[in-house]
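S.K.: Could you have a look at this structure, given as structure tokens, before my questions?
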Amino acid sequence: MEAARMGFRAKTLPHLGNGTRLPLKTKLSLFPMHLLQNHTTLSRRSTKLNLCVKACSKTSGVESSRPLPHSAPDLWGDHILSVPTENSEFDTLETEIESIKPKVRNMLMSSHKTDKERICLIHLLICLGTFHYFEKEIEEILEQAFRKLDMLFTDEDDLETTAIMFEVFRLYGHKISCDVFDRFKGVDAKFKEHLVSDVRGMLQLYEAAHLATPFETILDEALSFTRYHLESLAGQQATAPHISRHILNALYKPRFLKMEIIAAREYIHFYQKEGHDETLLKFAKLNFNFCQLHYVRELKTLTKWWKDIDLPYKLPYIRDRLLETFIGVMAVYLEPHYSLGRIIATKVSQVIVVMDDTCDAYGTFSEVRSLIDSLERWDPGAIDKLPSCLRIVIQSIVETMEDIEREMKPRGRSSSVQDTVEEIKIMGRAYAEISKWARAGHVPTFDDYIELGLDSSGIRCFAMYSFISMEDCEENQTNAWFKSKPKMLRALSVIFRLTNDIAGFEEEMRRGEVVNGVNCYVKQHNVTKELAVREIKKMIRDNYKIMMEEFLTIKSVSRPILVRCFNIVRLVNLYYEEGDNFTNPNGKLKDLITSLFFHPLPL
């Protein structure tokens, strides 16, 4: 990768708030003139419209037949650049956190605490989002406690404590049996009715039941039992308002499927209204605000980079979604020390969105084919032979990856960059084939579609470039596991692909885009859309269980890598819980971005 003109340097890291320029050859928009005149996002440079040229095709008929882009404009502009991130505030937060950490560590390691009490404290740290400061201590405690599992559960009849221990052990990769919940069943093999009065126990059992592996029937039963009764409990006057809100938040989305930083913010509000430990509460608030400052500084770096390469102006059909992309990357890495990882993953994600939109929503089949052929060659010298808009797309991908390789090579992690390039090519080939189907109006069988759809989902690629900067994980071991095509990554891809297809089905069909998992299932099985969605949702649930089974059994790669795979699932739920929130971010996603980047917690 010799052709990149500028790479990361130390001064571009987020704590200095300076952006990395990834220059392209022209500042002119190369989008067709008649579409430019109707595009709402171009008001900042209207004086340049007379310089625009047609993007790809030489045939005006092709240009006039292109559909106008349907995505909403960027919601945020440059607002993030005005958010204060003073060094003094940053230093104050860091100093306070460092002063409290030993106190929390002493609570955790105290010889006066039983194993159960330590595990319950670990659970509280997970809920408050502060667990990452004590990973070594937590792993040591759980390793020792797991050796005494029988003693831990002997005579334990408290539902909340049992469910907490089950959840914590599973989250840290210990394969605890779901049989620990048998004691809460009656002679009729159903959960005992008196459990319903234990609101906290019911809520904790509900959360724990989401960590099921295949064939764990008791956890399926627990989920149905708790969901049914919690819906009723949330509406009862006898239930305290803050507990009702906590129940409703969990029923809307369990903690396991929420971004960790979002779950932490919610739980901090809940914990504050409970009988709480002031030290732990303050520590959680300081951590949230400290993470928030980190994220905003990283976003300032990324915003300057995004403005420099100026792709939304040059290619106005693309979805301009920098903050929305970044919040998805945050789902993968909560911890402040993964700043470089968040920057790298956001940059790669942004240029892949550009490629996706070009193939999916703008290019003709011949243009898509040319784009992917050039991508396969990965030859900077051949870029100038491409039509103008394709040249910009390829250049943005190639130069971004070259920048990243330049940054990672001195760190000894360049092979992950090369593997990411290969994954981008695989994704590109899938885009081309799906584009061929779509332009021909061909609806493949669901079985044919799903294999190609997994590649086009980009989730394997996303996982690969999420690992690039994880210097605490051995690169060769991680890459070898990745190349073995593990069941965990396949299950993750299925979850993303099918969740995306359900969320986008109605809009895609309105646009005449018939190559969608739901539509393919309807065709192959000759069923209604409603039945197809129901069956596909069952496939999604089954693949969650496969992921958990793999998480508990894989020994060939370190736990942090497996955790990132689960965190990508949180991204899926963030983007596609109610429609396509990435394409249309007004609503819940907009509110989440506002709360995470613009509203610190009062101390």
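Just so it is clear, glycine is given a Cβ too, placed from its N, Cα and C backbone atoms.
Taken from Swiss-Prot, the feature Mg(2+) 1 binding site covers Asp356, Asp360, and the record attributes it to similarity to another entry. Positions annotated as Mg(2+) 2 binding site by Swiss-Prot: Asp356, Asp360. Swiss-Prot lists Asn500, Glu508 with the feature Mg(2+) 3 binding site, giving similarity to another entry as the kind of evidence. According to Swiss-Prot, the feature motif 'DDXXD motif' maps to 356-360.
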S.K.: On the DSSP side of things, how many residues of the motif 'DDXXD motif' (356-360) fall into helix, strand and coil, could you say?
M.R.: 5 helix, 0 strand, 0 coil
S.K.: So what's near the motif 'DDXXD motif' (356-360) in sequence-distant terms, Cβ-Cβ under 8 Å and 6+ beyond its ends?
M.R.: 315, 317-319, 367-368, 371-372, 389-390, 393, 428, 431-432, 434-435, 458, 513
S.K.: Cβ distance under 8 Å to Glu508 (Mg(2+) 3 binding site), same chain, sequence separation 6 or more: which residues?
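M.R.: In sequence order, Val514, Asn516 meet the Cβ cut-off.
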S.K.: Taking just the CA atoms, what is the gap between Asp360 (Mg(2+) 1 binding site) and Asn500 (Mg(2+) 3 binding site) in Å?
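M.R.: Rounded to the nearest whole number, the Cα-Cα distance is 14 Å.
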S.K.: List the Cα distance (Å, whole number) between Asn500 (Mg(2+) 3 binding site) and Asp356 (Mg(2+) 1 binding site).
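M.R.: So the alpha carbons of Asn500 (Mg(2+) 3 binding site) and Asp356 (Mg(2+) 1 binding site) sit roughly 14 Å from each other.
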S.K.: So among the binding-site residues Asp356, Asp360, Asn500, who's got the most Cβ atoms within 10 Å?
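M.R.: That would be Asn500, with the most Cβ atoms nearby.
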